[in-house]
Amino acid sequence: MKRTSFRYVVPGVAALALTLSACGAGNEGSSSNGSGNSDAPSAASGLSGELRGAGATSQEKAQEAWATAIQGLNDGNLTVDYQGIGSTDGRGQFIDGATSFAGSDSYLKDEELESARERCNGNVIEVPAYVSPIAIAFNLPGIDSLNLSPAVIADIFNNKITKWNDPAIVADNQGVELPDADISPVHRSDDSGTTKNFTDYLGKAAPDNWSYEAEDAFPVSGGKSQAAEGTSGVVELITNTENTIGYADESQIGDLGTVSVGVGDTFSAPTADGAAKVVAVSTRVEGRDATDMATDVDRTTTEEGAYPVILLSYLIACENYDDDTEAANVKGYLSYIVSDEGQQAAADAAGSAPLSDEVATEAQGIVENISAG
Amino acid sequence: MSIQSPPASSPTLTHARLPRQAPLMVGAVAVAVTAIGLVLGLGSVAAVLIGALVFLVVLPVWSLAVENRRSATDRMMTGLIWATFFVALAPLVSLVWTVVAEGSQALSGTFFTYSFYRTSLDQPVGVYHAIMGTLVITGVAALISVPVGILTAIYLIEYGKKNTFSRVVTFLVDVMTGIPSIVAGLFAFALFTLIFGPGHQSGLGGAVALSLLMIPTVVRATEEMLRLVPDDLREAAYALGTPRWRTIVRVVLPTSVGGIIAGVTLAVARVIGETAPLLLIAGIVQRTNFNPFDGSMTTLPVLIFSERNKGNIEIVWGAALVLMVLVMLLNVIARVLGKILAPKQG
Amino acid sequence: MSTTLTTKEAPAGGDPSPSWISERSGRGDAIFKGLTIAAAALILLALASVFIFLFTQGFAGFTQPAEVYSKYGSSFWGYVWPLLASTIVASLIALIIAVPLAIGIALVITQYAPSWLSTPVAYVIDLLAAVPSVVYGLWAGIYLAPKLVPIYEWLHEHLGFIPLFGDVVSSGRSISTAGLVLAIMILPIITAISREVFSRTPRLHREAALALGATRWEMIRMTVFPYGRSGVISAVMLGLGRALGETMAVVMVLSPGTLFTFNLFSGSNTPSIAANIALRYKERSEGTLEVLIATGLVLFLLTFAINFAARWAVARSERKLAG
């Protein structure tokens, strides 16, 4: 009598397994939406298989938009899998060969470039994906905007200024009701390109107040500071906690209040225009390959309206891949990203600033040379 | 208290006692205080706390006044000990309430049948791929650990009674119970990295890590059930000339099958919510993946963790609700099976 | 018992089947027994390989160049001690909260609740064990942590002179919150075992105490507690073992920093060992994986020692109960 139980269980389990594997997700069948779109570069269609990338969490929203769009262009035959794990780890995984491309908020360091060249057996491609202001965002009920000079920002983030109604803050914000509350600076807990750009800015714009090197890991700990993982982790923490201030890609901060930073004698808000002005005066890193568009951002510009706390977000890939499909996928995806349509998609979905025509054309030229063999 | 003192004898043997309904009366007062607190605009938590405090203080003080110090202590401890249960209940109620209230908003048809794969940004997303990944990985883990666990338990109980090898195995099973799940995951991660190169992620790796956590539970549950099988049954089978292995397969196992299935179900319920090992080795993808040997595989717990980091909070609560329901379902199934198929003894 | 006579060649001790059975079906038996031995040996092999693997891979993690450890220190011990300290602090907080509660609940189930109520009470507490840790982490990080901030603020204001109650992180994501979640998670484990030993208190002892005029609490103190002490101790250790290795509840609740501090309310305390692994496994710089495995080895050895001590205590208490 008991024995029969097994007899029922085994076919039952088998049948269940069959039913499950027989039906895929409702949305994964071939669809043909979007394939009629003619603006996209030709390399971006006719692709299939899986394309793996990883890196900057600041790119997550934009990557989602790009991946979705190119999946649509290829009738659901291509899967683009971008993992937001932070710029540093993204570069590491690319060099390791775990991913086909990386997204990064800072360009490859010299020693990383060496290993990347080895991984690629040749030239490494580094093109900007988009430019975005890093917003210094805060959560103070009723306050949308504050003026802070670089020195004050530095002192807030190294826990020297601890109250929102500190005279140094009040001085630049006449007429704003600042609460008598403790400031809680929020930084990234993981290694991050956003952190590197932000600390680079602090070190260059307020050298007397910020003595740390530009680093992927945030250098200050303790006091009232707190940390969260990823861009959205930081944004979520600030959004849900009053009296906090932190830094994150402007495209992802939602309705949070933002700091206008002191530039020269005025204060500029984080805008795409302000970011573009800074890019215009920034210089290329010397001694890099022709396929490498690495740029040193000018943090100390005094041009009016310029917003120097920006990140230039890069796409890192190889010029040559062993595998045909991999090469075609990377080429197609990257050319879509730097195309007008891709830039527009990111601007719509993530609110990033599109690349200037000049930069986009150069990037397009580099990406077109991706090949196999 | 069967000894009754004669009515006229010395009064020291008995003492005044509170009325039987004293706790009820104080309880009513405490509830009234809570209600007043609520009316006066205290927060619900504060009002309940004050009510509880009133109960915990008034009853012992009353007892101290009427009875004696020992009774007062007893009444206070009774109150405190009951309070521990309600304190423990609070997080459970809050958690279940939050998950159900927030999670039910995410539920919809596409939530269960769609994956994260989209070809256009206005398409909805669902957790189909994560549910399938969870089922595949826990299924493979069960495929590995159930035979190993049951056979090991059979060895320990039926063959290796107390010899050195079985003592060593028993000890190691104990050790395995204590392996932190992240260490199991790290082991699988490092092992598969070594074999397949960096960045390798697969459902199989996750299943291997989960098996390490599952095997000891299966061994333990099976051992316990096999021990319950009366020796008379075995001896009766031997007396009929049945070979030993047939006795085990045909007599011992069927007798304990209910308990074993229940134990296995509980073991599955325990690992189905594991996150840390799968985060390392199974990873996350947007698309449904049924093949445990190739490519990353999304599971519900990992999806909850990573989407929480991305801030997709609605999906996260929905996935948490699905996971909770899965786990609770398995627990209920285990209980029911254990009861229905329990060997009838006596 | 025949165990003392067993040798390697002889079939396992206590084999009750007479020899004529093995003659008739020796083959089937040999195969089946071989299978069961293989399964047991597989467990042995698996565990041995975990240990050997962690050890060989992690060994390189002890002696990496200083910059690999730069996150928390300059050597392996400099790297691991802040993590270890956080692990232990969070687990201790969990124990301090969970143990009295668990003992109280075990008493409710075994001594106070009428029998129709004790089963549902026990079931409800078991439900706590069924909730996946990631759901605890989710609930605690979003819902519980902010609610605790006023309590922390109050402690900081009134007991701030104690270094444990320092500045309060405004989101409540501190090691004390992590400890509280761990407490909820280990509560059912400690309750289950305590309940078991309490229920085994001999009826005679209890009734004798009551007959002598003891109140219920005095009876518990005089009979249940002394009888169950070693069992409760082992329950506490098992709970501790679980708390030390728990990952997600800490990762999702703690706002991690790089300096260990005794301030329980700080938003920049080092994560626990397990949480650190989950936060950093993605890193691909040279030597990181080895260092993480080495910290995993430290955690493994720690939980192993604690579980071992717990089992020993259980065995001792069982012997005591049996005698």
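Including glycine, each Cβ sits where the backbone N, Cα and C put it.
What TrEMBL lists as domain 'ABC transmembrane type-1' is B:131-334.
Within the chain carrying the transmembrane segment (B:21-40), a Cβ under 8 angstroms from the stretch's Cβ atoms is held by residues 46-48, 50-52, 54-55, 58-59, 62-63, 75, all 6 or more beyond its ends. Annotation source TrEMBL lists transmembrane segment at B:21-40 (among others).
TrEMBL lists B:46-66 (among others) with the feature transmembrane segment.
Long-range neighbours of the transmembrane segment (B:78-100) within the same chain, counting only residues 6 or more positions beyond its ends whose Cβ lies under 8 Å from a Cβ of the stretch, are 52, 55-56, 59-60, 317, 320-321, 324. According to TrEMBL, the feature transmembrane segment maps to B:78-100 (among others).
Long-range neighbours of the transmembrane segment (B:127-157) within the same chain, counting only residues 6 or more positions beyond its ends whose Cβ lies under 8 Å from a Cβ of the stretch, are 111-117, 166, 169-170, 173, 203-204, 206-208, 210-211, 214-220, 222-223, 226-227, 248, 252, 260, 264, 267-268, 271-272, 278, 282, 285-290, 292, 297-303, 315, 318-319, 322-323, 326. Residues annotated as transmembrane segment in TrEMBL: B:127-157 (among others).
As annotated by TrEMBL, transmembrane segment applies to B:169-196 (among others). Sequence-distant contacts of the transmembrane segment (B:169-196) (same chain, at least 6 residues past either end, Cβ-Cβ under 8 Å): 152, 155-156, 160, 202, 205-206, 208-210, 212-213, 215-217, 219-220, 274, 276-281.
According to TrEMBL, the transmembrane segment annotation covers B:202-219 (among others). Note on the transmembrane segment (B:202-219): residues 133, 136-138, 140-146, 148-150, 152-153, 156, 173-174, 176-177, 179, 181, 184-185, 187-189, 191-192, 263-264, 266-268, 270-271, 274, 277-278, 280-282, 289, 291-297, 299 of its chain, located 6 or more positions outside it, place their CB under 8 angstroms from a CB of the stretch.
Residues annotated as transmembrane segment in TrEMBL: B:251-272 (among others).
Feature annotation from TrEMBL assigns transmembrane segment to B:315-337 (among others).
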